[in-house]
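Here's the structure, in structure tokens; my notes come after.
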């Protein structure tokens, strides 16, 4: 059982690393900045692969009633916000900066649980939230590659992530499994992003993309679609197989590896002040993992 958990954890880390690096390559190196098309493609591939997996009996998708689908609809809207804003932010920000800002979603969740659900919060978790908030708050003033649009979309992204997780937890126990939820997310995302591609201008602007007929672009886009699906699937397996504390530890490990390797592979200018902010954010997340492991 221990070996199986380790294999699932390592698979998750590999998918996490490969997915982020591939997306960053497409968005920042090839500069394919048409999020309705890029995310629409990824969710289409994810939805098709999940549907095929269901038909082959590899996963179980329950036939949900209309009421269950309607209840989940707000979460699907937030999911579209997560991937759309995340794509725009990642195209403009270095991966370590993006991940540090992304972690502020945990502060939103912690604040909601403390203020509205009156849950008892451990001192370690409070310190973690403060460190994550301080790291993200100091970053814009110390980032030598500061991009206002990147930070704006990162804020939209983290707000959507926080709201999505709160909504997801508030519906527990839910008639929808994690796979059911993701299947609905994929379907809704494909439809909404397809309709949004015209008013946003992406549908016709993409015709001017210089690498549109290059194999490296086609290969990278195919890889991003498949890796996104495998990341989703390995995340579900990780959460179902491991305790919350162990799951948080693997996610933290994956983020550290991804952030470290991205600095070597992509152009990232890290001053001592920027590095300090990133390390502060890492310390905050390490404390969060500690509090999760202690409570589970």
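Placement of Cβ uses the backbone N, Cα and C atoms for every residue, glycine included.
Feature list (source: Swiss-Prot):
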TRANSMEM  7-29  transmembrane segment
TRANSMEM  32-52  transmembrane segment
TRANSMEM  67-87  transmembrane segment
TRANSMEM  93-113  transmembrane segment
TRANSMEM  121-141  transmembrane segment
TRANSMEM  146-166  transmembrane segment
TRANSMEM  187-207  transmembrane segment
TRANSMEM  211-231  transmembrane segment
TRANSMEM  250-270  transmembrane segment
TRANSMEM  271-291  transmembrane segment
Between the stretches 93-113, 121-141, 146-166, 211-231, 250-270, which one has more Cβ pairs under 8 Å with the transmembrane segment (32-52) than any other?
211-231
Spatial neighbours of the transmembrane segment (121-141) far in sequence, C-beta under 8 Å, 6+ residues away:
97, 100-101, 103-104, 106-107, 110-111, 113-114, 151, 273-274, 277-278, 280-281, 283-285, 287-288, 290-291, 294-295
With the transmembrane segment (93-113) as the reference, which stretch in 67-87, 211-231, 250-270 has the largest tally of C-beta pairs below 8 Å?
250-270
The transmembrane segment (7-29) and the transmembrane segment (250-270): do they have three or more Cβ pairs under 8 Å, with pairs 6 or more apart in sequence?
yes
Contact set, same chain, for the transmembrane segment (67-87): CB under 8 Å, 6 or more residues outside the stretch:
23, 27, 35-36, 38-39, 42-43, 98, 102, 153-154, 156-157, 160-161, 163-164, 167-168, 171, 175-176, 181, 184-185, 188-189, 192-193
Who are the long-range neighbours of the transmembrane segment (211-231) in its own chain, taking Cβ under 8 Å and residues 6 or more past its ends?
12, 15-16, 18-19, 22-23, 25-26, 30, 32, 38, 41-42, 44-46, 49-50
Sequence-remote contacts (6 or more beyond its ends) of the transmembrane segment (187-207), Cβ cut-off under 8 Å?
34-37, 39-40, 43-44, 47, 73, 76-77, 79-80, 83-84
